[in-house]
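S.K.: According to Swiss-Prot, the feature substrate binding site maps to Asp21, Phe22, Asn23, Arg37, His60, Leu61, Gly62, Arg63, Arg121, Arg154, an assignment based on sequence analysis. Annotated ATP binding site per Swiss-Prot: Lys204, Glu326, Gly355, Gly356, Asp357, Ser358, in sequence order, evidence recorded as sequence analysis.
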Amino acid sequence: MNKKTIRDVDWAGKRALVRVDFNVPLDEQGQITDDTRIRAALPTIRYLLEHGAKVILMSHLGRPKGKPNPKYSLRPVVERLFELLPEATEVKKTEAITGPAAEAAVSMLKPGQVLVLENTRFDPREEANDPQMAAELAKLGDVFVNDAFGTAHRANASTEGVAHYLPAVAGFLMEKELTYIGGALSNPQRPFVTVIGGAKISDKIGVIENLLGKVDALLIGGGMANTFLLAKGLNLGDSLVEPESVPVAQQLMAKAEERGARLLLPVDVVIADAFSAEAQRQVVEVTAIPSGWRVLDIGPKTIELYSAEIRSARTVIWNGPMGVFELEPFAAGTRAIAQAMAEASANGAITIVGGGDSVAAVEQAGLAEKMAHVSTGGGASLELLEGRVLPGVAALQDAE
């Protein structure tokens, strides 16, 4: 990674203005149901505290549409952070985001203390990347630290704008994300295999196009595999397909051949007579899908084929489920990929899981710890896989 990080700064007495990603899921009572994103920011916060900084944290939470909404207050996050961070002498919260009240709260901070600003999206200027808001935020710190990989693909006042007014460096989480995903794309250990799933091919065209020039094998699953199978002239029954994407699927298959990448499609599938966990189901070859039935998972032969590819790889990136894994009878394919990734890790491969649903699948299977890297950013990891430059990363200072 060719960007400066928090290691490149002498923090003694300095105010570290840190953009974190505390956009955590809350239940109806406003309790945090998964604190992974808070935990992911702890190494950066701890390092700053240990090196004598005053730490000011900013994050968004949910979609409050540019105005204060108690439902999206960062209060529960502050309470959880206090529990997770006993080494902070104090974790304070302010109702302000910018302006005199925020500046006063920052001026009271001592080294070793943490202040959390209120939800940045309570201000309509945040998502507009308003330079005035960015300048107001910059008054609160001496150095800007971006550790919010999950929002690095969005040019907001607190992720990109503020970097124009302060020296800007990456936190450890941002560094880890860019090192793993960027490293895999630019200089992978081979064989390099990617597994791409999810419902729609249209969501992942950019990713597949970018990967075809880099990977040894691309394994396709989920609803998007149906459109590839349709492009090969197969009957998909009542399955989810995107007829308008058939020409794109044909182009991608031709491009794979041209570039010497193997593009693998399911050979058998689990089909059901309705979109329901209670539906009748059976396993058939992809050439024998009857009308009135729909594909909801990859079949056992495909699982074996894909698992063998993953186990023999040295670098694997997985983005998107293999079937409707939220319905138990159609979760086997996605689970098997998670298991094969864990086995590849045990064999010394670099295994990277990126994207919401695959992350959830790995966590449900209890295998997250077995992966080299589980990405915290859905949209951001997708854009990196597409080969795009992320605004929040571009704004950081280059390493010398």
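Glycine residues also receive a Cβ, built from the backbone N, Cα and C atoms like all the rest.
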S.K.: Sort out the sequence-distant neighbours of Asp21 (substrate binding site) for me: same chain, 6+ apart, CB within less than 8 Å of its CB, listed by position.
M.R.: Arg37, Ala40, Ala41, Ser59, Asp147, Ala148, Phe149, Gly150, Thr151, Thr376, Gly377
S.K.: Please find, for Asp21, Phe22, Asn23, Arg37, His60, Leu61, Gly62, Arg63, Arg121, Arg154 as listed binding substrate, the greatest distance between any two Cα atoms, in Å.
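M.R.: Largest pairwise Cα separation, rounded: 18 Å.
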S.K.: Here's one to test understanding: among the binding-site residues Lys204, Glu326, Asp357, Ser358, whose C-alpha is closest in space to the C-alpha of Gly62 (substrate binding site)?
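M.R.: That would be Asp357, nearest by Cα distance.
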S.K.: I'm trying to understand the geometry here, so how far is the Cα atom of Arg121 (substrate binding site) from the Cα atom of Asp357 (ATP binding site), in Å to the nearest whole number?
M.R.: 25
S.K.: Tell me the Cβ neighbour count for Ser358 (ATP binding site), meaning other Cβ atoms within 10 Å of its Cβ, over all protein chains shown.
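M.R.: Within a 10 Å radius of the Cβ of Ser358 (ATP binding site) lie 30 other Cβ atoms.
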S.K.: Taking DSSP as the reference, which of helix, strand or coil describes Ser358 (ATP binding site)?
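M.R.: Once the DSSP labels are grouped into three classes, Ser358 (ATP binding site) ends up as helix.
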S.K.: For Lys204 (ATP binding site), what residues in its own chain, 6 or more apart in sequence, show a Cβ-Cβ distance under 8 Å?
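M.R.: Counting only residues 6 or more apart in sequence, the Cβ neighbours of Lys204 (ATP binding site) under 8 Å are Ile196, Gly198, Met224, Asn319, Gly320, Leu382.
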S.K.: Provide the three-state secondary structure of Arg121 (substrate binding site) computed with DSSP.
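M.R.: Going by the DSSP assignment, Arg121 (substrate binding site) falls within a helical segment, counted as helix.
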S.K.: How many Å lie between the Cα of His60 (substrate binding site) and the Cα of Gly355 (ATP binding site)?
M.R.: 19
S.K.: Among all protein chains shown, how many Cβ atoms are found within 10 Å of the Cβ of Gly62 (substrate binding site), not counting that one?
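M.R.: A 10 Å sphere around the Cβ of Gly62 (substrate binding site) contains 15 other Cβ atoms.
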S.K.: Sort out the sequence-distant neighbours of Gly355 (ATP binding site) for me: same chain, 6+ apart, CB within less than 8 Å of its CB, listed by position.
M.R.: Gly198, Trp318, Asn319, Gly320, Ser375, Gly378, Ser381, Leu382
S.K.: Could you state the whole-number distance in Å separating the C-alpha atoms of Glu326 (ATP binding site) and Asn23 (substrate binding site)?
M.R.: 22
